[in-house]
Ligand code: AMP
Ligand code: MG
């Protein structure tokens, strides 16, 4: 093996040796680890016994410059479970702070995430970072054990890939490795490590950290790092200029708006939208007590620990703004004045509305080439959501049924989704007036590409977890396959697109993971 025990520290920035893990032309790159030490602590993952890999993502491996054959070998299990490092890796945990549930929480940091390094390859010339979640304690673990349990790791793996399949910006999952090492939560659980992949794992909280310490030099270095690496247009403005950091904030606001619009359109509740769980690149990150809505409920709270409903489904767009406001405050010393900062934050509002229009217009099958007034789209969507709320209509299934009914020219029959409510007929007429006559096939095709047949409902994740806990990974693998292409029909998988069973209502997911 070219790897060695994690206990033997990898010297920083080892040049990539001829390496069995990497594709030709791929190499480890000194990205985040090239920043000054104030941003992180170099460290090793803590080994665990008897690692076993249960999920691997060949397509992602290919895309990030890893050889899929390597991913199938024993060395990958050791590396991606945290027992070994490859030459060229430069493992570290980064420091960040943040606001949790509306309150300043002070220093947090990668308490159980360890960045192994970044790979640049012909397939991903901009570079992709590889991070292990659950690979042991770091200086930022506080009271935690640095570990993640099997159930939450299965949920993170499946959901990040489900979001990718839906076309929602997200961190990705490369592998899931388990160990029989006991992990103590409310009960004794199994340890697991998910290898996550993203261009960067920098969060709003990274900026808040240095702002809170009044360390403007580090604040600027970090902003410059993100701008130069990931935001070419913003990088046109000179380092140190107020324009650069205002444009940076506006860019983050815009990316966040695009992400939030997709969440809302797909009925996705994140559950823990703390500023330390907000990606600076506008990626969905840190899958904890998330949930895709079953029946539509604007006030749905998916996180059992969120007693006040701060992160209820319909509040997510406002919370994202609140979080961006915190980021704006952190960047204020670089931007210079409040008015410019507020103006940059306005980008969130100006970007959110059209992003929502696009996402909802696509769900309705509207032709993107013909402009439809925003109030017209809202005028159709809002009464539909009100009916769904009133009749507890299944959110994803209804949209798919609507797509099918457009294809079959059978819209009136959908009234059964609303218990025969006469309001549906009024709505149907209004909706139908919006569609182009004689364009049903094209409209339906747009709708089938915007309204997924399969979403990762809580009970589906739970079934995969229960089976995996008993050693049966088949339900997990089945979900993995189906959720990779959720808009397609998967014959024989109709059960994964059915109404949730009654017990699904009683699943309680909290922050404990
Ligand atoms: P989360 O609510 O999962 O986003 O986590 C908030 C903070 O707690 C982050 O700094 C995490 O790294 C840390 N954390 C969560 N669980 C653990 C754990 N089991 N061990 C160490 N740190 C943890
Ligand atoms: Mg987090």
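Backbone N, Cα and C define each Cβ position, glycine as well.
Because TrEMBL annotations are produced automatically, they should be read as predictions rather than curated entries.
Model, not experiment: these values are computed from the prediction.
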Record-annotated ATP site (TrEMBL): member among 19, 58, 286, 294 besides 109, 111, 112, 133, 145, 146, 196, 203: 286
Residue 145 (ATP binding site): tally of other CB atoms within 10 A of its CB: 16
Entries of 109, 112, 196, 286 (binding-site residues) sitting next to ligand 2, with Cβ under 6 Å as the cut-off: 286
Protein Cβ atoms within 10 Å of residue 112 (ATP binding site), excluding its own: 22
Cα-to-Cα gap, residue 196 (ATP binding site) vs residue 277 (Mg(2+) binding site), nearest whole Å: 14
List of residues, in chain order, with Cβ under 8 A from that of residue 109 (ATP binding site) and at least 6 apart: 93, 94, 95, 96, 97, 138, 139, 140
Rounded inter-Cα distance in Å - residue 286 (ATP binding site), residue 277 (Mg(2+) binding site): 6
Pairwise CA distance, residue 145 (ATP binding site) versus residue 276 (active site, proton acceptor), rounded so that it is a whole Å: 19
Chain-internal residues, separated by at least six, CB under 8 A from residue 277 (Mg(2+) binding site): 98, 203, 270, 285, 286, 288
